[in-house]
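Straight from TrEMBL, the features:
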| type | residues | note |
| --- | --- | --- |
| ACT_SITE | 37 | active site, nucleophile |
| BINDING | 37, 39, 200 | Mg(2+) binding site |
Ligand SMILES: O=C(O)COP(=O)(O)O
Ligand SMILES: [Mg+2]
């Protein structure tokens with residue numbers, strides 16, 4: 001566990017607090033690339049994911065779940081979300097035939113409801129604007145399938161902020177594997193320590209550590225129902241606005 005700021009500690013003194021309590025890292029961190037997670041960091045997608053899951057369960061004649069329960073199922077992509085919704089368990093495996101029937105039903109309902117209640121979290125628009133104005137190269141890394149990621153980013157107006165968008169099915173491996181982060185670093189021709197991932201879950205923290213990138217976490221996301229303070233990250237920031245204050249554009253060598 002390595003949180004430097006909690007939502008409670010965060011106030012106007014944030015920056016001096018950071019400098020006085022950190023000896024491993026010196027803030028603001030010099031980075032060139034900012035990678036931002038989608039579900040639970042950029043966009044509050046839980047209600048629409050729950051809507052689609054419950055429409056699927058209803059169609060299959062199975063018990064529905066609360067939005068809070070389905071929130072804890074978000075994080076490892078659609079297939080895992082459907083498995084969790086079918087079994088009511090984070091790790092259980094449903095009958096393969098049931099999963100085969102359920103997955104296309106879920107995808108149909110989510111495609112029809114991808115942007116009903118979904119909206120950016122507070123500070124996201126402002127934070128992304130600040131990051132862009134400061135000259136960081138921006139990337140989006142999500143475990144969401146590309147067929148939902150792209151329409152959603154377009155509908156919410158965030159698509160064009162990102163120079164590269166990697167979804168859960170863009171590469172052979174997704175978070176918590178470091179592959180998407182390593183891919184982004186190569187794409188921008190930067191070293192891992194010149195990039196920071198802003199995310200909300202263990203998948204983000206694990207992927208970033210494995211890739212050698214910095215990682216900040218927001219406390220308002222999903223994290224599969226776990227407390228964000230359990231995560232090994234460089235900072236827990238209340239929003240992307242504070243996150244933007246903890247980094248500075250690294251000058252080319
Ligand atoms: O699709 C998911 O389950 C989570 O997606 P995320 O990586 O954007 O949080
Ligand atoms: Mg997330």
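Using the three backbone atoms N, Cα and C, a Cβ is placed for every residue, glycine included.
You'll find the Cα of residue 37 (active site, nucleophile) roughly 7 Å from the Cα of residue 200 (Mg(2+) binding site). Apart from the site residues 37, 39, 200, the chain places the Cβ of 38, 40, 41, 42, 75, 142, 199, 201, 204, 218, 221, 222 no farther than 8 Å from the centroid of the site's Cβ atoms, the recorded Mg(2+) location. Within 10 Å of the C-beta of residue 37 (active site, nucleophile) there are 27 other C-beta atoms, taking all protein chains into account. Note on residue 39 (Mg(2+) binding site): other Cβ atoms within 10 Å of its Cβ, all shown chains, come to 27.
Of all the Cβ atoms in the protein chains shown, 26 others lie within 10 Å of the Cβ of residue 200 (Mg(2+) binding site). According to DSSP, residue 200 (Mg(2+) binding site) is assigned to coil rather than to any helix or strand.
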